[in-house]
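Participant: Sharing a structure here in C-alpha cells format.
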Amino acid sequence: MGTFIGHILPGMGFIFIGLWHLYNVIRNYVESPWNYNSRAWFPTRMKGALKYLEPLAIMFGSLLSISAELFICPSAHQPLADDWSIPSNHLNNFEHSTISLFFFIFGASCLCSELTKIHLPFGLLHLMGAFAFSQELILFHFHSADHMGLEGHYHWLLQIPIFVGLVCALVEIAAKKTFVVSFVRSVSIFLQGWWFVQMGLTLWIPAFTPTGCQMSEHDGHEVVHCETKEDDMRAKALANLYFSWYLASILIFSLCLYVGMMCHFSKQLWKISSEIAPHNPCTKRVMALVIVRNPLQ
C-alpha cells in the first residue's frame, strides 16, 4: 500500500504543479484570448535557473522518489535479491520508480529544449507528458500489489484524473488554441494531487479511516480491512463522496480564480488604454470590445 509519506509528498507535488498550470493557463488566456496557445510547462518570471523552476522541480521530485523507492526505504538499501533478480515484495517499488522515471524524462525534455534552444515541433513536449500519464495509468491499473477492497477503490478513483490528464495532453497537440482543454488538464493534475493526499490520510491515519475499518497485515503488506460487507460498502460510498466534493471544491476555486484574474487584467487593460490615448474614442471602443469579449465562456 506504500507509506503515508509516499502518498503525501507526490500529492503535494501534483497540487503545486496543477495550481501553477491553472494560474498560468488562465493568465495567458485572459491577457490575450485570441493569441492563446497551450504550453506543456510554464517558466517563471524570475531570472537565472529559477526561470526553469517547474521542470527542475519535476526532475528533483522524480529523482527523490526513485531514490526513496529503490535505495532509501528498502532495508538493504538496494531493491535486488542476492541473485540480482527483482523479488516480488519489491515489484511495487520498481513500478513507482518507473512512473517517476517517465516524469523525470518529461521534465528533462522541457529543460533541455529550452537550454539548448533546439527547435521542437509543437506537441512533442505534450506527447512526452502524455507518455508519463499513460505509464502512470497502466502501472496503477495493473499494480503488482493487487489492490483490493477499500484501497483498490481509492486507486480506481485515482485513475480517473490520470486518464483525463492523458486525454487532454493528447488533444492539446491538435487543439493548441483551445483554452478549455488546457484548463481541464490543469484541473485534473490539481485533483490528482489532492486525491493522493486523501489516500494517505484515509489509508494510513486511523482518525481518518472509516468506521468499521482498520489497518491489518495481509500477505506481508499492511492493508485497510473492513469488518463487514456493510462497512466496506459504506467506506467505498464515502470515498465516492470525498472524490465528488474534492472535484466540486476545485471547480469552484478554479472558476473564482478565472473571474478574479479576468477582472484584474481587465482593469489593467483600461488603465493602459487611458495612458496611451485618453481622449481617443476609437481606442476606448477597441479596449471595451477586448474586455466584453472575454467573459466566462
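Cβ from N, Cα, C; glycine included.
This is the feature table in TrEMBL:
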TRANSMEM  6-26  transmembrane segment
TRANSMEM  56-77  transmembrane segment
TRANSMEM  97-115  transmembrane segment
TRANSMEM  122-142  transmembrane segment
TRANSMEM  154-175  transmembrane segment
TRANSMEM  187-207  transmembrane segment
TRANSMEM  243-261  transmembrane segment
Participant: Which bits of the chain, at least 6 residues beyond where the transmembrane segment (243-261) starts or stops, bring a Cβ under 8 A of a Cβ in it?
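Facilitator: Residues 22-23, 26-27, 30, 157, 160, 183, 186-187, 190-191, 194-195, 198, 296.
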Participant: Where else in the chain does the transmembrane segment (6-26) make close Cβ contacts, counting only residues six or more beyond its ends and a cut-off under 8 Å?
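Facilitator: Contacts of the transmembrane segment (6-26) (Cβ under 8 Å, skipping residues fewer than 6 from its ends): 38-39, 42, 54, 57-58, 61, 64-65, 68, 96, 179, 182-183, 185-197, 199-200, 203-204, 254, 257-258, 261.
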Participant: Can you tell me which parts of the same chain pack against the transmembrane segment (56-77), counting only residues 6+ beyond its ends and a CB-CB cutoff under 8 A?
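Facilitator: Distant Cβ neighbours of the transmembrane segment (56-77) are 3, 6, 9-10, 13, 16-17, 49, 90, 93-94, 96-97, 100-101, 103-104, 106-108, 110-111.
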